[in-house]
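Enquirer: Input: one structure, supplied below.
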Amino acid sequence: MGRGAGREYSPAATTAENGGGKKKQKEKELDELKKEVAMDDHKLSLDELGRKYQVDLSKGLTNQRAQDILARDGPNALTPPPTTPEWVKFCRQLFGGFSILLWIGALLCFLAYGILAAMEDEPSNDNLYLGIVLAAVVIVTGCFSYYQEAKSSKIMDSFKNMVPQQALVIREGEKMQINAEEVVVGDLVEVKGGDRVPADLRIISSHGCKVDNSSLTGESEPQTRSPEFTHENPLETRNICFFSTNCVEGTARGIVIATGDRTVMGRIATLASGLEVGQTPIAMEIEHFIQLITGVAVFLGVSFFVLSLILGYSWLEAVIFLIGIIVANVPEGLLATVTVCLTLTAKRMARKNCLVKNLEAVETLGSTSTICSDKTGTLTQNRMTVAHMWFDNQIHEADTTEDQSGATFDKRSPTWTALSRIAGLCNRAVFKAGQENISVSKRDTAGDASESALLKCIELSCGSVRKMRDRNPKVAEIPFNSTNKYQLSIHEREDSPQSHVLVMKGAPERILDRCSTILVQGKEIPLDKEMQDAFQNAYMELGGLGERVLGFCQLNLPSGKFPRGFKFDTDELNFPTEKLCFVGLMSMIDPPRAAVPDAVGKCRSAGIKVIMVTGDHPITAKAIAKGVGIISEGNETVEDIAARLNIPVSQVNPREAKACVVHGSDLKDMTSEQLDEILRDHTEIVFARTSPQQKLIIVEGCQRQGAIVAVTGDGVNDSPALKKADIGIAMGISGSDVSKQAADMILLDDNFASIVTGVEEGRLIFDNLKKSIAYTLTSNIPEITPFLLFIIANIPLPLGTVTILCIDLGTDMVPAISLAYEAAESDIMKRQPRNSQTDKLVNERLISMAYGQIGMIQALGGFFTYFVILAENGFLPSRLLGIRLDWDDRTTNDLEDSYGQEWTYEQRKVVEFTCHTAFFASIVVVQWADLIICKTRRNSVFQQGMKNKILIFGLLEETALAAFLSYCPGMGVALRMYPLKVTWWFCAFPYSLLIFIYDEVRKLILRRYPGGWVEKETYY
């Protein structure tokens, strides 16, 4: 909103030209909103204003006229952003992403059951059960995800202010309190310190009125408001107050010139809610994964469909096989696993003060490669603090730490006594009542930020300011105004022969002009050229640190001329304001938060670029950027190089400067190519004096570079950028409702350092999801191969559908989820951000490891157990080939085994179901080893250790569940699972050990020969 966003700029969105009229219309509106505010009410004289809005500037509107306008324009409120209806959100959870795969599986199962029912008198119910279970899984998981997100949005709703705002209007000459929603254009409104401005106002009269525009323009200093037209730009002029900003002090009257969505604030909110938001990285990953799995499933299904036709099966049977293979490829439990893993991480992050609004944002933060951070309140403490003083011709450092543990200075000098007295007396800030037990730095004050900083500084170093003011009562005052740039007050002295002292503070150069002497070590000496140079050097040094500098002076008024009780006249000045005595300078800054420099350092080592985007002054922005390490030591901007070499800036090659400070007014005239060049060529960037539209353009610029962008902000002005970013991060304490609504994540403690924790959690969950998926997919092979051999070799079915479900939704679930708790293998904050093009959640190497290597060993273990049991019962492997048709024939009750014994149909089926149970138990045994090897992707399990208690519980839980399913009475009827001999459990042990040894050797080669053939082929 501030200083012009590039008018020639058109957002990336506009490339989709063919989207029909509606889309074009919307894009046109968004482009309009990206431009600056156009209004001319600030240029009108009061008479013209009254005529334009048909209002009496002293009595206000009539009640009838106000009613008519309200009926015409509607209430003075922002249209809430279009929210997604709850049923749509629920359907997204039910039919989005991974769920589609399971729904297709369920439909195919019902189709297969239908075909069988048409063909046979007594069809097997397996497919029916499977279809029902698949549908149930999707519905339960969908409800769970929906509940999680609904819970987060409930927390969001609680942020909304429950109190209806009131406004003081004057109608028909009467003052009345009404609901702010009933304010109309043309209303005469009065605001005072502490009020929220109810609409956009044109000021017609004011008394010392200051407003806090920080949520709109990012300027942390309160801005003076008066009836004069001072600037062409409506956002800069003094005679306009904006809707939803706060009046800090003083009073003002104004005419309402815009309400609701037509206000400047309303425009920003509309801009934010109209932006298109892209897919999250994890959603893209899951889409890619579904394509891979579907590809594998369809390839296998079609291959065996063709093969079974060649082998002479009827086409109906072949279709049943096709469906069976596709369904067997669907990892039923994975959807639930991913959801639970993300939820667990979201809960962990909430404990560390990051509230994640939607689960997918958890991982987005981990892939972030650029953070565009606001300055005020995120990188800094959001409280002005006295940083330095200059008196007795030297600079003293004050304590700016959050817990007052920093530097101290010598307070014995009589000059400091005088300086502290002026700072305490020439000061209108006061502590709010009832805070005696709170430490001074944490107390709330009434008054502007700079005065509050002085008040706290003096209270900390000299004791009670209230007592000081009681001893020196104020008898006259000229408040600060923009023309003379000083504040002056006169106090009676109780502790001195002089009856009055005049104290003054203001812009240092203005104060110095009024002085003829200077106080050094308590003595007044003439203000000569040498002292003026010393002042100039100190002023430049403190200003160069990005600090706000104030000058202080005093004059002891002679008692003869000004006796006690003298009437001072502040309009027709009857006292001197020249030839004063200069005492010193004090400078203030909003200091960096303690944890930020460390957090910025961590981002740098994690390969994340931190860009500062602020509405503040370039010098201040650069000073804070250097203070927190966004511009690191030794890195120079073009201006720094020019100053060092003593040459004009135009002669410096911009590529030599690693750091860069861009002014909003320069950004306004840049083409998108020039912006891209800055973002590409400089590693450390600060944007100062930017408007909200420019913030949005910077985010879009970073995204054009292929970066995954996180944006932090607290003001309403940040909401378009928050919405556009891959992940928007709002501030929980200082943030406005609009910014929280637009963000994906909320920092409950407003601390930049919490973002770094979030990045770490996000990277960890991506690694752990990989492990979880690798673990889950591996058991697909021992589940599919029995079915394939059943088709090709015509053997009795080694593993039934129901037992597959017991693995996917029973024994595998807890172990897969337990991998979410696995600690990081190495320092994940020391590596570069993930490249979303190359580093996928599931890649071909993961599939080849899970399916082609570990899965195959598992299948061997299962078949070994299967053949052992059938051989013990008399069916040697050679007898089993081609036996399937007789085996499954209900009428054959005299089937001979290898030793000539005859078996009835029922007896055969009991042996077959016992094989199913044993195959299932074997998969559980080999999955033990799979779980342990999935703990790490590169390290040895012995380096990682078994510290993950949930994982140990998972191992015990899957074993206990398998034993329960095998030995519990009644399982033979319910799930057709039969008790096993103890020895049968041990058949798969050698295979389990083989998996463990095979993988440990592979990881050893990975560590010995990084980048070698083994890594290229098997490191996922």
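Heads up, the Cβ atoms here are built off N, Cα and C, so glycines get one too.
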Enquirer: Can you dig through Swiss-Prot and tell me which residue of Ser206, Ser450, Ser772 is labelled phosphoserine?
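Expert: The residue tagged phosphoserine by Swiss-Prot is Ser450.
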Enquirer: Could you check Swiss-Prot and say which of Ser215, Ser373, Ser405, Ser439 is marked as phosphoserine?
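Expert: Matching Ser215, Ser373, Ser405, Ser439 against Swiss-Prot annotations yields Ser439.
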Enquirer: For the candidates Ser153, Ser489, Ser672, Ser898, I need the one that Swiss-Prot annotates as phosphoserine.
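Expert: Cross-referencing Ser153, Ser489, Ser672, Ser898 with Swiss-Prot, phosphoserine lands on Ser672.
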Enquirer: Of Asp374, Ser587, Ser826, Ser940, which recorded positions come within 10 Å of Ser496 (phosphoserine), going by C-alpha to C-alpha distance?
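Expert: Passing the 10 Å Cα cut: none.
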Enquirer: Taking contact to mean three or more C-beta pairs under 8 angstroms, with sequence separation of 6 or more, is the transmembrane segment (949-967) in contact with the transmembrane segment (86-106)?
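Expert: In this chain the transmembrane segment (949-967) does not contact the transmembrane segment (86-106) - fewer than 3 Cβ pairs sit under 8 Å.
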Enquirer: I need the CA-to-CA distance for Ser672 (phosphoserine) versus Asp374 (active site, 4-aspartylphosphate intermediate), whole Å please.
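Expert: Distance (Cα to Cα, whole Å): 22 Å.
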Enquirer: Residues sitting near the transmembrane segment (130-150): Cβ under 8 Å, six or more positions beyond its termini, same chain?
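Expert: Same-chain contacts beyond the ends: 86, 89-90, 93-94, 99, 102-103, 105-107, 109-110, 113, 327, 330, 332-333, 335-336, 339-340, 343, 346, 357-359, 801, 805, 809.
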Enquirer: Using DSSP and collapsing to three states, where does Ser559 (phosphoserine) fall: helix, strand or coil?
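Expert: Its secondary structure by DSSP: coil.
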Enquirer: Between the transmembrane segment (800-820) and the transmembrane segment (916-935), do 3 or more CB pairs sit under 8 angstroms, pairs being 6 or more residues apart?
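Expert: Contact confirmed: at least 3 Cβ pairs fall under 8 Å.
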Enquirer: Identify, in sequence order, the residues in the chain of Ser826 (phosphoserine) that are 6 or more apart from it along the sequence and have a CB within less than 8 Å of its CB; answer 'none' if there are none.
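Expert: Residues satisfying the criterion: Arg938, Asn939.
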Enquirer: Reduce the DSSP letter at Ser672 (phosphoserine) to three states and note it down.
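Expert: Note: Ser672 (phosphoserine) is helical by DSSP.
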Enquirer: Determine, using Cα-Cα distances only, which of these modified residues is closest to Ser940 (phosphoserine): Ser439, Ser450, Thr570, Ser587.
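Expert: Result: the closest of the modified residues to Ser940 (phosphoserine) is Ser439.
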Enquirer: Using Cβ-Cβ distances, find the residues under 8 Å from Thr570 (phosphothreonine) that belong to the same chain and are at least 6 apart in sequence, listing them in sequence order.
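Expert: Same-chain residues close to Thr570 (phosphothreonine) (Cβ under 8 Å, separated by 6 or more) are Ala476, Glu477, Ile478.
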